[in-house]
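TrEMBL has this to say about the protein:
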type	residues	note
DOMAIN	4-184	domain 'KARI N-terminal Rossmann'
DOMAIN	185-322	domain 'KARI C-terminal knotted'
BINDING	ASP193, GLU197	Mg(2+) 1 binding site
BINDING	ASP193, GLU229, GLU233	Mg(2+) 2 binding site
BINDING	SER254	substrate binding site
Amino acid sequence: MSDFKIYYENDANIQLLKSKKLAIIGYGSQGHAHALNLKESGMDVVVGLHAQSKSIEKVKQDGLIVKTVDEAAAWADMIMILAPDQTQKSIYDKSIAHNLKAGKILAFGHGFNIHYSQILPPPDVDVVMIAPKGPGHLVRRTYKEGSGVPCLVCVHQDASGKAFDYGMAWAQGIGGTRAGVIRTTFKDETETDLFGEQAVLCGGVSELIRAGFETLTDAGYPPEISYFECLHELKLIVDLMYEGGINGMNYSVSETAEYGGLLRVPGRYENDFEEVRSGKFAKEWLLENQIGQPHFKGMRAASENHPVEKQRLDLLEKEFASFRQSTNKTDHDSGPSKGCKHSYKNIFNLFMQKEKVVLAYSGGLDTSVIVSWMAEQGYEVYALCLDLGQKIEDLDAIRKKGFTAGAKDVLVENVQEEFVRDYVFPSLMMNAVYEGTYLLGTSLARPLIAKKQIEYAKKIGATAVAHGATGKGNDQVRFEMGYLSLMPDVKIIAPWKIPEFFQKYPGRAELIEYAQQKNIPVKATKSQPWSSDENLMHISFESGMLEDPWVKPLKEMFELSVDPKDAPDAYTEVTLEYEKGVPAALNGKRLKPHQLLDELNTIAGKNGVGLARVYETPGGTVLLAAHRAIESITLTRDVIDLKDSLMPRFSKNVYNGFWFTPEMELIRAMALQSQEPVTGTVRLELYKGMYMSRGVSLRTVCMTKILHQWSGIRDVITAGCQRIYRLNALPYRIYNRIKAKHKIAHEVGEEFSSYRGRGYSISEVSHRSDIFEEVLFETIKDLRTLMAIPDNYHVYEFYYGGAELCANKIPAYIDTGVWAKKAIIEAQKLYNIQIAATSEPTGYDRIPNLNGISLKPGTDYVHITTNNTIYGSQYHQIPDFGGVPVIADMTSDILGREMNVKETGMIYAGAQKNLGISGMSVAIIRDDLLKRIPNNLPTMFDYNSYVKNDSMHNTPNTFAIYVCGKVLKWVMRRGGVKKMVEINRKKAEILYRIIDNSNIYTNRVVKEDRSTMNVPFFLSTPELEAKFLAEAEQRDLLFLKGHKITGGIRASIYNATEMNSVEALAEFMTDFEKRAR
């Protein structure tokens, strides 16, 4: 390129972006670096992510604003897409294209999708690329160090005339102009980048190394020597090339090596380059992604398991062990023969300098010295310091101290909310106290630190983690159990267990002296030789004079609490509001978990609460007392007893570092479920180190009724805290307390005032809005999945009224009870129908015998009602009428029975039993039947109108459809229709077994036709039935009275009826019969 130029700081004008709103789509390695660098350069930046992205919390923790991709694209003036190449097109088409208005700027970090025409921006926007020539963590680190990574900038469209200037301003904002910027084109960047990756950097070099290693080992040479010659020394050659080019490298090596290299130069890779230039590679890569990357994943697995990789890890272990054994030598350069390129020490350092280690770094004396010591051993140390709420250290000072000590990078991450939410509060749910006094403040922090170390290690490709725990305490176990649970093959470095470290630094005095020599600032002094560990839960003190248990702690040690005798001489009242066992508000103010604990620490500390010899736990002590108080009112004695019996085991597991174990997952899940009723307010008084519960107010609301009519909520009934077994359809079973993630009422209740956090209800949005259409189509999709509905069947939801609206066109009917009879009456208004079979003569106690049934010639359809709620009979197989389509009313057993949709021509069902709430219905109809519908029907009765308009011929019942969608998700979580059938059969068997073995209960339906949805039965006299119903109601067994047509008792056990409800009824029936004899 004749006009080649490298641009620097003076060539860019970052002020061009000061007035712009910048959106970064994606928060991976590059997205993270761009966003934080631009923010710290003073830019107005947001990050765009899809709603389920796992990076959302990370973005928030980093202090950035996160929006959906659609929202970010609409908001921004300049949009940078930093998602993976293979996903950019779908993101652009779905969320960005329609937000690109004239004058906006679209930016990329790589030219793939523009160059290969996957993305075609409109002509009135600028299209630029800013491509740092290094990974994101390097872009971020060099920016923080005051330098940067070189960048490429190019322009595809220049609608404004300033596109290149905007690209340069962006490069300046991320630090690129500090190192230099080269102007290029999308074509050149894309093709050279892909070719370089494939033929040289990632493909060519890797394959060359493998081939050389295999050639030597196949010929019988030792794998250790083969590894050195084919891979390890490549680092030396690359460094020489980087410093002086190929000529400089040739100048530095022996003439023998130079001659051999010139003689064995490989080809020019013409075929590889042509595949890139022609676009063949791009097409193959896109196709590979469309089919799930099978070839790519297979090649990746083969590469990861290649012997050369295993050999590298083996050699690292051997070299480190050898180094440790030889540290008593004064001259590490003695040993290798004269003329060898590298002494033992140099070879060791070459191995170890690139072995990345993530150290749990507190900024205290021990870990600061460990950073420096490990750096001296050749490790590349990444110091990870987590902000757990500690106030006794300046986190900025910790960062500077880490770099001073020799860390390659120092990452400080705020994890206060995660710590309190996911570790402290679950522990308090279990009322965990170790050995009667210790609330596990330090122990709870260790698994989180270990988890973050492993996450960071995986992110940067580190092979080892390290901690500063001594070899005599429990912290070493907590860290190492966490590491190995989350990354079983990780290498663990614990300097306090390495003789050459602890022999050199036998005590704190030696550590302090070393730190002073290295100019590492530390808080500890020889005259004040104790260390502290602080987080939002507590502060603990140890070491030095505190090793003697008789020594009284000094007053000036304590940070969070005052001496009780110095506390105010007056009561301080505190109120804590709990929601399902979780503290949600303090003194009437709703706070995030970490904010609540922080504020409570201040209040309790001022009153001298939570002070022990070597612990300060002010807020945690009050929370424990409050939680105990509210549990004593909201939990049963047996539940409290069970939790208390597991508490010591839970506490011991936390203390010993067993957080990430199956046993602890089980206990935490049990604790979480136990907290369902733990909702209310606790009042306490604090006084000079004491804390007293002064009252508990409960506000547990059980939603027993969501809707009365389709048009909206009419009534929400407060049922207090009583446990009620409700044997009826889903709308009347909302109360049942199961886990929140499985509880439809809980989800609906939370979203009724603010659907998915939008500030409005789903019942308020237009049925033509994107929001509702998403709900509708997802509900239909889920119903198709659950029922395995074939593609040649249409599903339409959800027309007004109940199932009777569907039943008006069927010329042949099977009469099995009231609902079949109602359908017959409606159809007779339009057609001369035939009743092909009936069980009315036997009192509807069975499904009619359909063997040999005779249908009139030309019969178009046969209508059946699959389950008969009043009489309790049910078709257990869909009958075959010799090819005549079956129309099935499945209102009361849809999703609750085995069903092959192909056996029917049409299915329809009201929602109120197993699909949701009353006021809507669903229909499933085969394509060929739609063609038979007469053209002269009113539009509301023409199924084609619903199909044609995607179930929105007119305004549908949006809220009922929304609830139906929740129910379908619930069925999926329970294991689908197959699991529901299994459960329903077991429930029915429990009741039928009692009835069949009883002297006072009878069921009138023949056994082979009994329903699994409705179990009617009768007692010997009306007086006994009345007594049964009255006593059942006293036991909170409701809605058992039979239909007015039949009388008796009826247990409706639809999908939502839990097994414990049925078991409670069975227990009562058994007990009642014993007393009635």
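Including glycine, each Cβ sits where the backbone N, Cα and C put it.
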Among ASP193, GLU233, the most crowded of the binding-site residues [Cβ within 10 Å]: ASP193
For the domain 'KARI N-terminal Rossmann' (4-184), report the average pLDDT of the model, please. 93
Measuring Cα to Cα, how many Å separate GLU233 (Mg(2+) 2 binding site) from GLU197 (Mg(2+) 1 binding site)? 21
Including all protein chains shown, what's the count of other C-beta atoms within 10 A of the C-beta of GLU229 (Mg(2+) 2 binding site)? 14
Within its own chain, what residues at least 6 apart in sequence put their Cβ under 8 Å from the Cβ of GLU197 (Mg(2+) 1 binding site), listed in sequence order? GLY203
Inter-residue Cα distance where the pair is GLU229 (Mg(2+) 2 binding site) and ASP193 (Mg(2+) 1 binding site), in Å: 28
